[in-house]
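Participant: Take a look at this one; I'll ask things after.
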Amino acid sequence: MLAEFGHFALLLILVAGFSQALLFSPLRLHAGRIVASLSFGTKTVTAVSGNSGNEALSDVHEPDTTPHSSALPTPFPNNLIALPLIILALGILSQAALIHAFVVSDFSLPIVADVSHSSTPLLFRVGAAFTPDGGAMLLWVLATALANIVFALQVFRRASNTPTTASSDSLFIANALSILGLVIAILALVTLIDADPFLRVAVAPLDGRGMSPQSQDVLRILREPVLYLGLAGLTVIFTVSIAGLLTHKIDRSFAETLRPWVIGAWLFLGLAIAINAYRSYSQQAWGNWWYWDTAENSLLIPWLLTTALVHCRAVLEKTDTLKSWTAFLGLSAFAVGWFGVYLTRSDLLGPLTETLSQSADSTALLVGFCLLFSAAYFLFWRQSDRMAEQKAFGFVSRESGMFLSSVTLSLIAAVILIGTIYPLVLRWVDGENITVGAPFYVEALLPVVLPLMFIMGFAPVLRWRQDELWLIGRRMKLAVMLSLIIVLFVSIRFIDLSPLPLIGIGLAGWILAAALSDLWARLWHQPDHGESKYRNLQLLGPRYISMTLAHIGLAILIAGGSASAVWEEQVVLSARAGQSIEVGPYNLQYEGVALLAGENYATRQATFILYHHSLPVAELFPEIRYYPIRGTETREADIFHGRDGDVHVSVGDRSEDGGRIVTVRFLPMMPWVWTGMILMLIGGSISILTRMFLRIRKNGVPAS
Amino acid sequence: MRFSLAVIPLVLFAALAGIFLINIDKDSSVVPSVLIDKPAPDFSLPPLPGADKGLSRADLTKGKVSVLNVFASWCIPCRAEHPMIKRLSNEADVPIFGLNYKEKDPQDGVKWLEELGNPYQAVGMDLSGRTGIDFGVYGVPETFIIDGQGQIKYKHIGPVTSEVLEKVLLPKIAELKG
């Protein structure tokens, strides 16, 4: 019966979302209706919310005619968080109901029967709740509800800190909350139409089909909540941008409101990408960390746009310029995020193995996407010409550097988007099936990535407003020399290296050298505060530190990626127990295969002892798992992360001569890739955490 | 100038959305099968426990248009489409063969047919899934229409709904019968 509660809660989310959209919509505020009974408003609006979809959509354009309202009836701040709180509670309720159905293996729900089985371990039964369409949509709704309440708290605190909130400010807040409610309602509606997770069948099967073995992985399960939290962050960015467009309030305080969301979304999407990369590296036995497949691209594109947004938002906050561009990126980041979900959820790009017997229907997801974003871009078109930039900046300035980098980042995103949907469009146009793979992306992206990385080196040392070229030259000379030395060293040391990885390594060296020399200059050459180095470190501020960390992280990532691709060593052989395999500086001794039982699988686990200079350093256990429920095998590689590189071992079938096929790869500098990713994520976290820490210290415990 | 620039996102978005919306009906499950207009692969499958007759390629080449339906007891859409397969056997005068795909226990298929009714003239049991692979099956249910010479003429992926039955399968069968 709990599933029915969940279903009802999902329906109520739809209602409450529309209520929030209506209650906070300027329409209603203008009507001057009493909104004091906001928390109980749900019931009164229930009656109209059924057909209010169009109404709510048209609200988006409404304040166009009356942008500057006078005094508002003050529905907030007191009741501001009541409705978001209700939505969050409902979201938790319906998610809990679904997870409960998976935990108790209620196979009368087809969604459970399709991707779960009574023998699936508990953790994966919970994780299975997120893999099918309906479950994932529900998670998305929940994440958005969470972002909704956090955003409400954020504006609530701001409103209560400044008692005399300007009316345009409250209008801005009301607009943002209204659209957030609308998005939640649309998502809930899409869930109900496309893939209602709570449907029942009359005759329940005796047992489920089992979870796809590829998904039975802790990282795979972690990825889903992280991904949807990132998307929820994008949702808030989107709604804040719309509200800013509506009220002509794209200014510094707008940028400040946006700040935690932009960095938060960047962080979560980046984490999802990192998890995805490590998972495909470790689980699928062929062990690459990036494939340019749809699922990966649909994470990368919004992440790139969010990265662009991080930069131009900073410019907006600092100098009050780049208004339209920031708003455009704010809209587009969520647009591509949603579109990415659509691409991966629908079976447009070939049938998905994970949803075998389900006919995935994502029509409503697409229709909702088209409606919401055509309204958004229409609004952008109508409003952005009223936001002419008042101030200009010199071509050689920090603004211009950051603007250029955000443009190139968006170009990269556009190229990847085109590469992702081009095969689809081609198939529709002349029925031809092609695949776009790594060669295309490398060729098409190179002309955009190279200038970006070049800009990345010196943009952080530019001065705001106006700078002089010769001054830059003076500041950058150390970095230029260092990166030239690196390129020269690598090209002489490895004389037959092809130019491409050399360029990658050189540019990584350039970014690294530029970031470090700037850091060094700030720490030791600061004339004003020469008395204390520690003071200099403090003066850098969390923003500078997080930026530098993220840039260094990217440099390390690129260097590691290039190097591991070039100097990879691979050995494939048919090994017998006791045999020794030499790879790179390591020696791998094969001990044999044991047949073991896992919780819901049988596994052939091979044992290897890894020697480094004849000293044993680790034992590695690659496996072939057989999952009897689905009757499929997965091959789990085992990886040793050494200081000089990763040793990646996987085993295959028995070969004809009685040995075991063993694939060993030594990927030098591969740990650099993971270190780089982690550094970037730490950089983002520092930026958010210090901010939160400072705020709590200033205001005491945040009111909630 | 600004006016014209700001409209670009809208135009681009509309174009993209248009392409996707127009093609939303293009059922992507009609993946061009490499086997269309090719002879059905050679196979010979044992019968279900208790039945006397299995299924082999010879059954498909008796000069009559036939339908091959891939099903499994663990597949929920199969349960949903089963009434349609029964309707098909009533409305189209063609032999319908079943390919019982990857059962864990051979008895599962028997129980399933006892419970829901058996519209199949003969059922082959493909426990290993090898024949399914030869047919290019990548999900259950799938339904093949095969002409009298054993050539695969049409392949439907996913459950047969009444719409698919009336608008696709029956006309196709009628057309093949001439």
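Sequential numbering from 1, following the chain as shown.
Just so it is clear, glycine is given a Cβ too, placed from its N, Cα and C backbone atoms.
Pulled these from TrEMBL:
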type	residues	note
DOMAIN	A:139-346	domain 'Cytochrome c assembly protein'
DOMAIN	A:370-690	domain 'Cytochrome c-type biogenesis protein CcmF C-terminal'
TRANSMEM	A:6-24	transmembrane segment
TRANSMEM	A:80-103	transmembrane segment
TRANSMEM	A:137-159	transmembrane segment
TRANSMEM	A:226-246	transmembrane segment
TRANSMEM	A:298-316	transmembrane segment
TRANSMEM	A:325-343	transmembrane segment
TRANSMEM	A:363-381	transmembrane segment
TRANSMEM	A:402-424	transmembrane segment
TRANSMEM	A:444-464	transmembrane segment
TRANSMEM	A:501-523	transmembrane segment
TRANSMEM	A:544-567	transmembrane segment
TRANSMEM	A:672-694	transmembrane segment
Participant: Over the domain 'Cytochrome c assembly protein' (A:139-346), what is the model's average pLDDT?
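Facilitator: It averages 88.
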Participant: Return yes if the transmembrane segment (A:325-343) and the transmembrane segment (A:402-424) have at least 3 CB pairs under 8 Å (sequence gap of 6 or more), otherwise no.
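Facilitator: Result for the transmembrane segment (A:325-343) with the transmembrane segment (A:402-424) is yes.
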Participant: Are there residues at least 6 beyond the ends of the transmembrane segment (A:298-316) whose Cβ is under 8 Å from a Cβ of it, and what are they?
Facilitator: 227, 230-231, 234, 237, 250-252, 254-255, 258-259, 262-263, 265-266, 269-270, 272-273, 276, 322-323, 325-326, 329-330, 332-334, 336-337, 339-341, 343-344, 398-399, 402-403, 405-407, 409-410, 412-413, 416-417, 420, 543
Participant: Checking distant contacts: for the transmembrane segment (A:80-103), what same-chain residues at least six beyond its ends satisfy Cβ-Cβ under 8 A?
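Facilitator: Contacts with the transmembrane segment (A:80-103): 2-3, 5-7, 9-10, 12-13, 16-17, 19-20, 23, 38-39, 41-42, 109, 111-112, 116, 122, 125-126, 128-129, 134-135, 138-139, 141-142, 145-146, 148-149, 151-153, 155-156, 159, 173, 177, 181, 184, 197-198.
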Participant: Please indicate, using numbers and ranges, the residues of the same chain that are 6 or more beyond the transmembrane segment (A:501-523) and have a C-beta under 8 Å from a C-beta there.
Facilitator: 450, 453-454, 456-458, 460-461, 475-476, 478-480, 482-483, 486-487, 490-491, 533, 536-537, 539-540, 544, 548, 551-552, 554-556, 558-559, 561-563, 565-566
